[in-house]
Every structure is written in C-alpha cells, then in structure tokens.
Amino acid sequence: MKKPPNNRHPIGGGIWWPALIATAVKLLLIPAYRSTDFEVHRHWLALTHSLPLSQWYSDTTSPWTLDYPPFFAYFEKLLSFFASRVDPTMTHLHNGLNYASPSTILFQRISVSFSDVVLIYSVHRLSKDRNFGILGRFLIWVLVIWSPGLFIVDHIHFQYNGFLLGILLLSISYLEEGRDLMGGFVFAVLLCFKHLFAVAAPVYFVYLFRHYCRGGVVRGFGRLVLMGSAVLVVFAAAYGPFLYYGEIQQVFRRMFPFGRGLCHAYWAPNFWVFYILLDKFLAFILMKLGFDIQTPKASFTGGLVGDSSPFAVLPTITPLITFITVILAISPCLVKAWKNPQPKMVSRWVSYAYTCGFLFGWHVHEKASLHFVVPLAITVLKSPEDAKHYFFLSIVSCYSLFPLLFEAQEYPIKVVLLLLHAALMWFGFSSYFSSVDVKGKHNKSESPSFYIGWFGKCYLLGLFVVEISGHLHSTIFGDRLPFLPLLIISIYCGIGMMYSWIWQLRQIYLTS
Amino acid sequence: METGPNNSTEDTATWSFITSTSTKSWFLCISLFAVLIRLAVAIHPYSGAATPPMFGDYEAQRHWMEITVNLPVKEWYRNTTANDLRYWGLDYPPLTAYQSYFHGILLKLFDPASVSLFTSRGYESYLGKLLMRWTVLMSDLMIFFPAVLYFLTVYYSRKPNGEKNSMAWHSAMILLNPCLILIDHGHFQYNCISLGLTTAAVAAILSDRDIAGSLLFSLALNHKQTCALYDYYVAMGGRFFNALLFWVATVMSAYYAPAFFGYLLGKCLKRQNPILEILKLGLVVLGTFAVLWWPYLYSVDASLEVLSRLAPFERGLYEDYVANFWCTTSVVLKWKRLFTTQSLKLLCLAATISTCLPSMIQLVRFPSKRGFLHGLLNCSFSFYLFSFQVHEKSILLPLLPASLLAFEEPFMFRWLIYHALLSIFPLLRRDKLVLPYAVLYGLFGLLYYTTGGRKDTTEIYSFYSTLKSSAFACSIFLHMIYMTVTPPEKYPFLFEAVIMLFCFSQFFLVFIYSNSKQWALSKTSIQEDAEKKRL
C-alpha cells in the first residue's frame, strides 16, 4: 500500500497516468448534455439484445435504425449482455424507447470510457519504440488521450469514436512496425466497425500492395493471396451471417443511405460550403444583372427531392461527383505510396486521405475531422512545421465541433477544454523543440523552434471574433437569419481546413 | 515504470514543459484544468435540490441574494414581514451580504424570476442553477486563484531553484483540493472567497506586508469566519462590552485569528516600537471592520442585532455528525443533559482557548514563517475540534493551511485530506454527489503521486506512516460499508457515528502531530539565534 520512500516518481511515468486523469474527467461529465446519439446507441443495445440477428437491419421500431456495419452491431450485442443485467428496461425493444434512467446513463457513459482502452493501448504501442524521449512521448499521449474533440464528441455528445480511432491507430502502429499483414487485418476489422473509415482504403491498398506484396512475382502473389484471405476472413465474419439469412442487401441499404443531402444539418467546414456560397453569390449577381434565376426549392441538408437541384446556377453535385473528387484529391498520395512505400509515412498518408474525404465527401459530419486530427498527432514531433500545422489544425477542428454542444451548461466546458488543449500544445511544443535544438543543433538561431507567424495568430484571433459575433447575432439581427452564425463558423473553419489540406498535400509532395 | 540511471533527469523532463517555463504558463495550465474540474463537478446536483420545504445551502444562498437585492441594507438582518428570518435568514457577516447583493444583481439581470421577493422561494431552473454555479466559479477565479498564485510566488521566492519544480505540483494540491471543490461547486457554498482572502492575507504577511495582510484577513473574517463569540459574550453577561471591544474579541475567536494574532504580535514585539506597530495593525483591522459594518453602526442596538444573527441561539452544541470532540464524546457523555447551554459555551471557549494556547505561545515567542502556517493549522484545528456549533464543512478551514504546507509536510497533508474527505462523505452522499466524490478522491491520489511532485519523507516517521496506512485501509473499508450496508433500524445513524469516531481519532492525531512539529521548529530557531549571537 505504501510507496517506498524517496521514490522520485512513484507514478506518472506510464501512459496510464494521463489515461486515468482523462477517465476522471470523463466520469465527471456523466450527467452532461447528451445528443440523440445516446438514444441511438441505447436503441441498438435493445435491438441487438432482443431481436435475432436476421432482423437487426430490417427492424423499424425506432427511427434510429442500425446503420453501422455488423462488427459494431456485435459490439452492441456484447455490451447489451451487461446492459440487460444493469437495467433490463434499457435493452427492451419497446419499453426502452427514449429510456434514460440514471443507471442507463451511467452504463452507457462508462461503456464509452471503457472502450477507450483500445485507444490508450494503441497510442502506447505507437509511442513506445520511438526515439521521442519521455517528454515527446508524454506530448503524444496528451494530444491523443486528452484530445478535446474526443471529449466533446464521445463523452458529452455521445459516440464511440475513441474506440474506433483506437483500432485505426492500432492498424497504423502495426504498419509502422512493418507488420503489414496484421495492419491490414486490423484495418479490415475497422471497416467492419464503421465503413466511413473506408476513405483510407485506397491508401492501404496501394501501400500494402507495394510494401507487403513485393519480392518477386511468386512471393508477391503469395503474399497478396495471404493478405486477401485475411481481409476476406474478416469480412466473412462480419457479413457472413447476414449473407446466410439473405439479409445482405438490406444491410447495405441501411449502411449507405444516399438519400441524404450533400451537407449534414450543420454544414461541416469543407469544400462544398464554398461551392454553395459561390452558387448563392453568382445567383445574386446574375439576378442583379437582370437574369431570371429560379430560387431552388430543395435544401442542401435534406434529400434530393425528385430532379430539382438545390443549386441555382452551378451544376448539381451528385454522390458520384464527390466520390471522383475524393479519389482525385487522394491520388497524389497514392502515387507517392506506389513509388516509395515507407512505413514512417503511413500515418501522414492515412490522415491525408481522411482529410480529402472530409473536404470533398458526400454528407460529411463535422465529427469526421477527428479521423485525421487524431492520427496526425503521431507525426507532430517530426519538425516544428508539423507542430505548427497541428497546433493550427487541432484548434480549428475542435472549434468546428463547438456547435454540437449548444446548451449553456456545456458552453464553458467546451471553451475550457479547447483553451487547455491549446495551452498544453503551446507550452509543450515550445519546450520540446527548444530542448531538441539545444541537443541536436548547436546553432539555435538558425533552426527556429516552435512559433506561430503573424498570419496564423491573426487567423486564430479571428476564431474569437467569430465566436463573439455568434453571441451578438441575436442582438443585431433578432430572429432573422438564424443560420448565419453556423454558416460563419463553417466558412471560417473551412478556410482553416483547406489550408491544412494544402499544407498536408505539399508536405506529402515534398518528402521523397 | 521507468527504472534506470537517468531516472531523476527523465523524471523532471516529463513535466518540464510545464515546470521549466515561466510561472505564468504552468499556472495557466493548472488553473485551466482546475476550472475544468470545477465546471464538471458543477453539472452534478447541489444540496437540497428538489427537496421542499427548506431545500439546502443552495436555496440559502439564493434566498440571501433575493433579500439583499430587494430590501434596504438596514433590513437585511432584521425580522420583518418581507424578511422572515426563520426561512434561511442571513446569518453570515456583512461581507457575505454584500457579496450576495452583488451576485443577486447579476442574477436579476439574466433571470429576474430567480431573485424576485417571496415568489422565488425554492426557485429551481436550468438557467438559475447555471447562473448560481457561475457566480461561485467567478468568485473562485477572481479571489481564490490569484491568491494562490500570490502565495506561491511569495512562498517559493526564497527557496533554491531545485525546489521550484515543486511549485506546479504544490499549486495543483491547493487548487484541486477535492474537499473545497466538492463543497463549493458540488454542495454549493462560497468558501472560496473567505479561504482565498485568508490565503492572500497569509501571503501578504509572509512577504512582510503586515498591514495588507491584516486588512485581507479582516475581510476574510467578515465573510465567513466570525463564529460563536457572541455566545460567549452573552454567556459571560458582558453587557458592558461595547461593540468596539467586541470586534477585538471577534478577531481573537475565529479559526485562524489566534495564529494571525500570535504571529503578528510576536513579530511586532521583536521590532523597535512594538506598541506603535501593534497600534497600526489594530487600527487597520478596526478600520476595515468599521467600513464593512458601516450601515449597522448608527446605533449599538443595530449592530447587536446583526451580531445576534451571526450566532443564533437556537442552535446546539453541534449539528449532524461532526468529527469534533463534543460530538464524539457525546457517545459516552451526554453533554447537553449534563450542562446548560450557557455553561457548555463557556466550557467550549475554555477548551478551545486552552488547546490554541500552545501554538499561540510558540508563535509569540518564536515567530517564524513556517511556524505561522503550522499555527494557522493548529489553531483552526482546535476550533474545529473544540468550539461550539461546528459544521462538518468547517474541516475546510484546517485543510487550507495544511495544503499551504503541502510542500513541507506532504505526508501530513495527505493524511488529513483523506480523512477530511471521509468526514464530509455522509453530507455529500445526502446531496447525491457520490460520483464526483469518488472521482475527485481518485484524482487527488493521481495528482499527489505525480511526477515532479514532492517526495515523501515518510521513512523518518515510520510510526506515523504505518498508522496512516492502516487508517487508510480502514477509511476505504468504511466507505464501502457505508455505501452498501443498510444500518440496523434501531441505530439508523450507526455508520455516520462510526465514521465520525474514526475521523475524530485521525484528526486528533494530526492535531498532535502538527503541534509537535510546530514546537520542534522553535528548537531550530533557538539554535539559529545562538549561532547569530556567536557570530
């Protein structure tokens, strides 16, 4: 029980120190605001618990139908085993609808915190063999485990992103270690948990094809078969049962609801925001010039109604166009991966692919920015420029998540989370790079340590202006233009996201 | 974890980005984290949520805002048709009333219904709760946090650089004191104001700004800590005391006051013109009191009216199950039956003063900075343990000096804090704050044992160390029993009583330990004096 005296650091050296601190905050946040995703996941617990597997994807008891791939459904089934013992009503298909007893809340919240073990383990794997020094390792842990975005989305808004990102990082860690088969296998598992992660599949395919399946035609083909069968086993385990029951089409129909609009209810800060804005602007100009422009009836967020286009001037965007744009945007990185597949570049490429998916994808959620912000955390310590970019990107990404929490109670919490994150990054990076400079290069003035230029500072200060203007909106405009604050956040963060995309593209292009 | 030759260098490296940078940067990080924890605790229920007719401390504070905003100053402490003193009448000193007035105005601005006269009784709403919570946080940020920063810069300014690495750890210990967070941001009170003012006063006195220190401490006294002195005053039949004398006596009788008094007196006596110095400080204290009490000074009756509110007669020797001497010994001796209230009050006064005396005498004879902090702890402890009408929440008062001493006495601090937590556990359980309690309990341990912290010097006190370990095991056991087992019907408060007995035993040990530490300091100061003479 008693720690030995004079032990200079009884605890705090291991990853579990930051992990436990984070857990403490997560547990305190249990009674915080929860979005409808809480009910979604509760319903999925009930669904998988009470119905046979063959009906999971065809049930319509609740509007929150199961639209994640089968592994996630199995995961819910596993959770429901414990959930039904905690509170049987929680897993009741009909009585449980919109049920939120204290024990239900406690159980679901703790299940999220507990599933984060995967994230912690994979961060530990990623940081253990690297030559970071203890400070660098600690910084990476802090960036991932104390990521404000994860707190906001998982532990307040309610989702299981930490767990899924943990699987992604696990896969990256295997690839970085050179264990390609394992990496590919884990990625296939991830795809069967959440198919949105498939955006990085081309990168994985090219990388594994060139890095794993090399060494002559025979050996290469043998490895391709091995990898293919590993992936196939995973997919068979996921979809096999549904194939057996003849439900497979229904599963895919649920997983890919293309009836939804180009943008999510709150516009994610991506490329299409600018496209829509340009359309509005052109329509406005042309109307002033006397052209007869029809005001579009369909909205961007809803489904595409009939043939009517939500755009007044510019051509309509279809899912196919977004798909092609994403592939085109990813292609420079694919070329690089084909030419020179390096393990140390994997996390950068994967993050880049998710960045493209976020910027050009169809019906993108703002939460998807976590898919590249979290894996990029591994690369931040490579150079001060990386750190600078990450500092910038993670603040923008976290800020773009602010509209998710719109109630007054969580307002100061999200602000303090972001400020704390920014402060830790600022002091951490400054300290890390100044210490590296002293050790590595003797001439300190020549190699600049971590700093933010005046342009970056202005942009970040602009975030404050955007935030304050959002609060002043109702006093200036009253009830008019209710969408304006969100639109401004989207546009402003969109600029930051576009910058990040170009920066990442340049970085990938420049590194040989 | 990491074991190797580079242990000590690596160890400091983990936190170096916080500890090696300027004071501002690490203080900013730790404060932000402390604010985050406070915000997260604040989303949990408060005391007396949805429990009419009397609700709890939250309603008391809200009611004071309602009274102070709507009534003229002179009626705040007076029983009128508009101000029913039986319903959470104002019974804290004037500074609390002014603070309620200020916060009440803020509330009125954003949610007028929450402070409207009469109709707002038992008012509970989402916005109302948030605004009330934010007023506490604001007080914390405006008073407690800067005071802690001030204290730390003063405290570490004379220490060697090697020890400055512990500053960040020390600030985390003070700012993330789980008891303070749970009582202020969970249960709902404004202890951060009086404790912050006291911390600032301590810092001012440590940096030899005695006048500023006296002023700040007088403010702190006027926020919360005036206590049962009026009872003593009445008990002694002291009609001939006038208000002025009463204030001097008040200063003597509040928790920290004997230590402040003793230390300042000892310091003044060592100077050239002791009487002049004492007069200066006395005038500052009297002046501060006069300003704060100004609205009630127009007649003796008016000020006595306020005074009588500060220590209501109807209250007994103790409330609930508080781990002090009287409540604990009442298991065997029924004090309330043996003595009249009047004689009990005198008994309490005698016990408190006599237990304070050793510490005070030490301070007057050998005034030293460390001794002063110990004196604060000892005197406030003797008040907690022996004075009349003590709340379980009063444990925050001894905890503050213990947290200020955390660098010198990490072992004692941890020993005290775990049992202080246990002693307020029944209260927090009633408030449905078990979850934040458990989390902060664990969080404190994590922060206490973090890298770059203060090493334990426990090997010297192996006796205390084994004692503390077994006590800790007992404490965990008691928590589990209290949470899981339903008490027998005959003794519904059996477990509360056991917890109280146990906590009292631990508090008493800490009290003796700290007193012995304080007296041990005088030996070193005698040696130093002798060396100086030799030189």
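Including glycine, each Cβ sits where the backbone N, Cα and C put it.
Now, the feature entries from TrEMBL:
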type	residues	note
TRANSMEM	A:15-33	transmembrane segment
TRANSMEM	A:134-152	transmembrane segment
TRANSMEM	A:158-175	transmembrane segment
TRANSMEM	A:187-209	transmembrane segment
TRANSMEM	A:221-245	transmembrane segment
TRANSMEM	A:266-291	transmembrane segment
TRANSMEM	A:311-334	transmembrane segment
TRANSMEM	A:346-365	transmembrane segment
TRANSMEM	A:389-406	transmembrane segment
TRANSMEM	A:413-429	transmembrane segment
TRANSMEM	A:449-469	transmembrane segment
TRANSMEM	A:481-502	transmembrane segment
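Ranked by Cβ pairs under 8 Å to the transmembrane segment (A:413-429), the stretches A:15-33, A:346-365, A:389-406, A:449-469 are led by A:389-406. The stretch in A:158-175, A:221-245, A:311-334, A:346-365, A:449-469 that contributes the largest number of Cβ pairs under 8 Å to the transmembrane segment (A:389-406) is A:449-469.
Same-chain residues lying 6 or more positions outside the transmembrane segment (A:187-209) and placing a CB less than 8 Å from one of its CB atoms are 68-72, 75, 164, 167-168, 171, 175, 180, 224, 227, 230-231, 234-235, 237-239, 255-256, 326-327, 330, 333-334, 337-338, 341, 346, 349-350, 352-354, 356-357, 361, 368, 371. Annotation: stretch A:266-291 has the most Cβ pairs under 8 Å to the transmembrane segment (A:481-502), among A:134-152, A:221-245, A:266-291, A:346-365. The list of residues near the transmembrane segment (A:346-365) in space but at least 6 beyond its ends in sequence, with Cβ under 8 angstroms from a Cβ of it, reads 168, 172, 175-176, 196, 199-200, 202-204, 207, 258, 260-264, 268, 270-272, 319, 322-323, 325-326, 329-330, 333, 336-337, 371-372, 375-376, 378-379, 497-498, 500-501, 504-505, 507-508.
Sequence-distant contacts of the transmembrane segment (A:134-152), counting only residues of its own chain at least 6 positions beyond either end whose CB sits under 8 Å from a CB of the stretch, comprise 13, 15, 18-19, 21-22, 25-26, 29, 119-120, 123, 126-128, 161-162, 165, 169, 369-370, 373-374, 377-378, 380-381, 390, 394, 397-398, 401-402, 404-405, 414, 417-418, 420-421, 424-425, 428-429, 431-432, 435. Long-range contacts of the transmembrane segment (A:15-33) within the same chain: residues 105-106, 109-110, 112-113, 116, 120, 123-124, 127, 138, 141-142, 145-146, 151, 155-157, 405, 407, 409-410, 413, each at least 6 residues beyond the stretch ends and with a Cβ under 8 Å from a Cβ of the stretch.
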